[in-house]
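Visitor: Annotations per Swiss-Prot:
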BINDING   THR233, ALA234, GLU235, GLU287, SER385  L-serine binding site
BINDING   ARG264, ARG265, GLU266, GLU351, ILE352, SER353, SER354  ATP binding site
Amino acid sequence: MLDQKLIRENPTFVENNLSLRGKFYDIHSIHKITVERKEIDIKISSLQSESKKLSKIIGQEIRNPNNANSQELNKLKEQGNKYRIKVSEFEEKKRILDQQIRDEILKLPNFPSKDAPFGENESNNIQIKEWGDPLKKDNLKTHWEIGENLKLFDSIKSTKIAKSRFITLSGNGARLERALINFMLDVHSNNGYLELMPPALVNSESLQGSGQLPKFSNESFKCANDDLWLSPTAEVPLTAFHKNEIIDPKLLPLKYVAYSPCFRREAGSYGRDTKGLIRLHQFNKVELYWFSDPNKSLEAHKEITADAESILKKLNLPYRLVDICTGDLGFSSSRTFDLEVWLPSNKCYREISSCSNCRDFQARRSSIRTKIDKKTSYIHTLNGSGLAIGRTMAAILENGQRPDGSVKIPDVLVPYFGSSLIKTN
């Protein structure tokens with residue numbers, strides 16, 4: 001959430017910063033409400049001051065036995081009552097304006113970092129580096145063709161169970177998924193992350209805190225009878241884990257890793273990636289999350305990205321690192337580095353992790369603070385997939401495919417999977 005004081009005092013600055021995202025945000029309309037709210041505050045303070053003075057006068061009059069029932073005293077009491085009624089009316093107006101301001105500010109995205117490349121869309125993203133040797137051959141099978149041939153998953157039966165864009169993993173497919181989850185959790189835990197296993201259901205306040213609500217309400221699954229939603233990413237419960245807390249600066253950075261199922265409607269993706277593991281309503285993901293000292297989040301961003309990269313390197317999967325431009329940034333992000341894994345059947349890279357520095361944006365929405373130089377400040381939060389399991393499996397199947405139809409399992413995964421190959425029966 002953006003700073004309300006900044007919007008009130010410098011709306012043009014806020015508008016200009018948000019315009020870097022390639023979209024106009026009418027900050028001056030919000031500014032008018034904040035000014036009106038400030039004026040009401042002044043009126044309330046003035047009335048309370050007058051009421052306080054009047055109370056002293058009434059007290060003096062009451063102590064005077066000659067004035068205990070005087071007409072003048074009754075007039076003073078009546079005036080005091082009018083002050084209280086007026087203050088109450090202004091307080092109610094202020095409450096309504098506060099809610100209006102909060103509702104409008106919650107719709108505003110984060111400021112892009114001054115270090116993020118300027119651009120309108122993904123075509124303006126900048127490749128930082130490539131790693132590995134991408135497999136470039138003709139007539140390679142897609143991961144869903146490989147999966148069907150090896151009986152790793154079934155989408156037809158899943159449609160009977162639920163609907164399209166769901167998958168049932170079976171046999172070696174389920175085993176590979178479990179192996180990847182355990183491998184990733186072990187790597188990150190050994191790298192200083194504390195493993196959490198949060199609820200798969202989250203309340204509206206948690207979604208609001210991480211930035212999914214109100215903007216992305218149509219992209220999430222909501223329970224009919226409760227204020228609960230299926231979590232779209234572990235980023236949501238991990239942000240809420242320290243909601244309304246002041247964290248001891250000596251504990252920073254706090255580094256968490258969590259495996260969780262994720263649920264998304266994929267409302268804007270009709271017709272895209274309809275087969276395979278790339279875009280599903282339900283998928284598994286290992287999430288990395290940092291609570292950082294505000295003065296150290298730039299370095300933390302490099303570290304969390306490197307931690308996600310390490311999984312791809314250990315699995316020997318070719319990838320590239322991309323700096324996301326201002327117009328393609330996620331709602332809560334100030335700066336994002338994407339990791340994109342090579343899918344040889346498509347002859348292109350596909351996103352497998354977004355590592356974002358949200359600075360104090362989520363912390364303001366969730367009221368998460370720390371002490372810096374004896375002053376209370378909002379903490380900085382960072383998140384990144386470490387990694388998305390389904391997309392990692394897709395990359396392993398495609399990059400590890402062999403002419404005989406089998407798939408080579410990455411060496412580091414063999415102890416978890418129990419075999420170096422997935423073969424046809």
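Every residue gets a Cβ built from N, Cα and C, even glycine.
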Visitor: Take the C-alpha atoms of SER385 (L-serine binding site) and ARG264 (ATP binding site) and report the distance between them in angstrom, rounded.
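Guide: So the alpha carbons of SER385 (L-serine binding site) and ARG264 (ATP binding site) sit roughly 16 Å from each other.
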Visitor: For the binding-site residues THR233, SER385, which one has its C-beta crowded by the most other C-beta atoms within 10 angstroms?
Guide: SER385
Visitor: Expressed to the nearest Å, what is the distance separating ILE352 (ATP binding site) and THR233 (L-serine binding site) at their Cα atoms?
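Guide: Distance (Cα to Cα, whole Å): 14 Å.
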Visitor: An 8 Å radius from the center of the THR233, ALA234, GLU235, GLU287, SER385 Cβ atoms defines the neighbourhood of the L-serine site; name the other residues of that chain inside it, in order.
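Guide: For the L-serine site the neighbour list reads VAL236, LEU238, ALA258, SER260, CYS262, LYS285, LEU288, TYR289, ASN383, GLY384.
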Visitor: How far apart, in angstrom, are the most distant Cα atoms among the ATP-binding residues ARG264, ARG265, GLU266, GLU351, ILE352, SER353, SER354?
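Guide: Comparing all Cα pairs, the maximum is 19 Å.
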Visitor: Once near-sequence residues are set aside, which residues in the chain of ALA234 (L-serine binding site), 6 or more away, have Cβ atoms under 8 Å from its Cβ?
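Guide: The answer is PRO198, ALA258, TYR259, SER260, CYS262, LYS285, GLU287, TYR289.
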Visitor: Given the L-serine binding site residues THR233, ALA234, GLU235, GLU287, SER385 in the record, what is the largest Cα to Cα distance, rounded to whole Å?
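Guide: Site span for L-serine, by Cα atoms: 9 Å.
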Visitor: Measure from the CA atom of GLU235 (L-serine binding site) to the CA atom of SER354 (ATP binding site) and give the result in Å, rounded to a whole number.
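Guide: Between the alpha carbons of SER354 (ATP binding site) and GLU235 (L-serine binding site) there are 12 Å.
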Visitor: Hey, how far is ARG265 (ATP binding site) from THR233 (L-serine binding site), Cα to Cα, in Å?
Guide: 12
Visitor: In the structure shown, which of the binding-site residues GLU235, GLU266, GLU287, GLU351 has the fewest Cβ neighbours within 10 Å?
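Guide: Each of the binding-site residues GLU235, GLU266, GLU287, GLU351 was scored by Cβ atoms within 10 Å; lowest is GLU266.
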Visitor: Enumerate same-chain residues with a sequence separation of six or more from ARG264 (ATP binding site) and a Cβ-Cβ distance below 8 A; give 'none' if the list is empty.
Guide: GLU219, SER220, PRO232, HIS281
Visitor: I'm trying to understand the geometry here, so how far is the Cα atom of SER353 (ATP binding site) from the Cα atom of GLU235 (L-serine binding site), in Å to the nearest whole number?
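Guide: Roughly 13 Å, rounded to the nearest whole number.
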Visitor: Give the number of CB atoms, excluding that of ILE352 (ATP binding site) itself, located within 10 Å of its CB.
Guide: 27
Visitor: Could you state the CA-to-CA distance between GLU266 (ATP binding site) and THR233 (L-serine binding site) to the nearest Å?
Guide: 13
